[in-house]
Amino acid sequence: MQNSSPSTSHYTQVPIKVQHKIAKKRSIRRKRIDLPCGCSYYLHINCHNHGFTHRGTHHCSSSDEWRVYLEGSKSPLFQDHKAPQAPVQLQPRHHSSPDTVQSQPEESIGDTQMLPGLHSFHSLTTSDLAFLEGI
C-alpha cells in the first residue's frame, strides 16, 4: 500500500512535550561574576550587552568579557586578556539620597491613598465587591 503523505522523507517530528522535557534536563549555562563590593551574581551565557545598577555603580556584561565553552568541558575557546575596565559611575539624580537604606513610611490608622473615605467594607454592595474581586 502506498503512503498517503506527500512527503517522501521518513522524518517524524518530535512531540513538543518531549522537546520540553529534553530542554529542562539541559544544564543552565551561566557565569558567576564577583563584584568589588563582595556581592556576586550569575549571568546566563546567552545574555549579553545588558547592564544593571548595583549600589550606585553601573555594571555591563559585554561580549568582550565572555569565555565560550564547549559541551561543559570548561576549556575556553576565546579569552579576552585585556585589563578590566572600571565600572561607570552614575551621576547623582534629584531623587537619590546619600543613605543606602530607604526609610519606609510609618503605618497609620485612617484613609488609604487608594480608597479615600472608605471607612468600612460593610458599606460596600455586592456589585462593589464583585468589581473589586475582578481587579
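Cβ atoms here come from the backbone N, Cα and C positions, even for glycine.
Per Swiss-Prot, the feature region 'Disordered' maps to 77-109. For 120-135, the entry in Swiss-Prot reads region 'Transactivation', with the evidence type similarity to another entry. Taken from Swiss-Prot, the feature motif 'Nuclear localization signal' covers 17-32, and the record attributes it to similarity to another entry. Annotation source Swiss-Prot lists zinc finger at 37-54, citing similarity to another entry.
Sorting the region 'Transactivation' (120-135) by DSSP state (H, G, I as helix; E, B as strand; all else coil) yields 12 helix, 0 strand, 4 coil. Secondary structure by DSSP for the motif 'Nuclear localization signal' (17-32): 9 helix, 3 strand, 4 coil. In the predicted model, the zinc finger (37-54) has a mean pLDDT of 72.
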